[in-house]
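J.: This is the structure I have questions about; it appears just below.
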Amino acid sequence: MQIKTVLAVAFAVAASAANAQQMVFTSWGGTTQDAQTEFWAAPFTEKAGTAVLQDGPTDYGKIKAMVEAGAVAWDVVDTEFDWALQAGKAGLLEPLDFNVIDKAKLDPRFVSDYAVGSFYYSFVIGFNPANFSGDAQPATMADLFDTAKFPGKRTFYKWSAPGVIEAALLADGVPADQLYPLDLDRAFKKLDTIKSSIIWWEGGAQSQQLLASGEAPIGLFWNGRLAALQADGMPVGISWQDNITAADALVVPKGAKNKEAAMAFIAEATSAKAQADFATKTGYAPINLDSPTLMEAELRATLPDAQTANQINADMAYWAEHRDEIGNRWYAWQAE
Amino acid sequence: MLSFLTPARRGSGLGMAMPALLLLLAFFVIPVAALLSRSVTEPVPGLQNYETLLGSATYLRIFFNTFLVSGLVTLITALIAFPVAWALAIMPPRMAGVIFAVILLSMWTNLLARTYAWMVLLQQTGLVNRMLMATGIIDQPIQLTNNLVGVTIGMVYIMLPFMILPLYGVIKKIDPAILQAAALCGATKSQALRRVLLPLATPGIASGALMVFVMSLGYFVTPSLLGGTANMMLAELIVQQVQSLLNWGMGGAAAFILLVVTLALYALQLRLFEGKAR
């Protein structure tokens, strides 16, 4: 992979010297960005002749600093969707050009003036079957919070983001259609009951390590990371009951140097084929409505968009509006 | 011809330091000043960021954690480093060279890789727990990560060279004849250690301790990976505020407090020890 990256960069630099057409795409690294490089950037370069330099990881502080300094080195960035909505309002992003990006084919849940979906994922309950070999296997959010019935550490996403708060409220008996506005007092009270059993994961690789090693035999994970463990032959239990969807977004920071190339790149990345290929590789769901028809039926059944029966869509607009308030409280609670 | 190398021409010293000073000014002093000015201007002008930081039990707890971890790490590092430095100073030079190579080699290895290694060793199903259980010392795995124990082990390991090197420098310079003299005068071994060796080594302990303590105050990677959120340290708070919440005012205020504490400690050390050593 290292050599591939070096070659890609070398090729990109050579190409840029030839026709000065290049742009920078920034994402979160790991297998996700590898797939984005392979299925979005490479076909785009082939078609448009624009080299795509890869950078990362995504860093919101850096985006803000670049925009304020007027020196924006990133042209397209993969961010969390709720952050994108908030940042658009705060003036950190360029409005997207929907003459170039065909939004008619995109899932309207993940389209806004400043951002379109990159892919979407579900937070699902994952567990190590070796630790729960009895009759009962964890299935519901209530089980996830029940340390008497299912003992052991649980692992949750460390950063303030849609997912864990919703899970706590569902576990406490809040009906799925009454989650918003979020009752933070109630959520933190529920989280308090298992606080000493929580190990936080900061990134996908760490979440996989915690589950595979048995350090945390149960937790709330990005579905794609569990799919990757299964693909490696590890037995992993997954419960889609009350799976909570959230999305990543593609955005263009305000003042990006290659705005036109950026819009064209987003158009390619959200096209039916690019989205279908990416989903096939990563286990994350496509945001292009035409993509599922391009994918194998068997594979589609494992994606979040086949699990709508007990699915909850995290309210991105609510999160965008209350991100700071929830974040401050979240981190203060963690440190208590 | 080589007169510029002699200390007589004092004025040229500053001239030669100029490139470094300019570099520091452009890439350190100015950005730090900019961040600090944000701490009193964002989101509105005033000292509200400092009020929030110093007025809430949660943030005070983070300050307390930062000092607790740094203090513990400094103490344990000093206790381990002293005998090591002493042994290095009195052993044959060739053997000392090999041990120095081992110490330095660990410093040159990537910090993240070393911290991950500790994570793997210390986790519930890790090597340390399995060894302790196999030997019957414990019958349940004990919690060694995501808490104070994990952070302390990981950081002591990383900080050891920064304590061993200055201590070695000082101990090496102590004339062995002084210890012989102490013995001749009837001092027991422990008296010689407490009343002769330790006082002479104090400047080394002090500069090593200051370096370890100050570096620990601002540490991020190891506490973040080996500690739990209940042991959160100041650097983690700054990262949260700047990266996740885009609240640079608060991040700047926390950074400024850290800077003031660091400078104060440095001033204290200069006052207490530099005068004596020279």
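Along the chain as shown, residues are numbered 1 onward.
Cβ atoms are placed via backbone N, Cα and C, with glycine included.
Note: TrEMBL annotation is automatic and uncurated.
For reference, TrEMBL lists these features for the protein:
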TRANSMEM  B:62-88  transmembrane segment
DOMAIN    B:63-269  domain 'ABC transmembrane type-1'
TRANSMEM  B:95-113  transmembrane segment
TRANSMEM  B:148-171  transmembrane segment
TRANSMEM  B:196-225  transmembrane segment
TRANSMEM  B:245-268  transmembrane segment
J.: Does the transmembrane segment (B:148-171) reach the transmembrane segment (B:62-88), going by 3 or more CB pairs under 8 Å (6 or more apart in sequence)?
T.: yes
J.: So what's near the transmembrane segment (B:62-88) in sequence-distant terms, Cβ-Cβ under 8 Å and 6+ beyond its ends?
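T.: For the transmembrane segment (B:62-88), the sequence-distant neighbours (Cβ-Cβ under 8 Å, at least 6 residues beyond its ends) are 96, 99-100, 148, 151-152, 155-156, 159-160, 162-164, 167-168, 171, 197, 201, 204-205, 208-209, 212-213, 216-217, 223, 227, 231-234, 237, 257.
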J.: Checking distant contacts: for the transmembrane segment (B:95-113), what same-chain residues at least six beyond its ends satisfy Cβ-Cβ under 8 A?
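T.: Residues packing against the transmembrane segment (B:95-113) from afar: 88-89, 157-158, 160-161, 164, 221-222.
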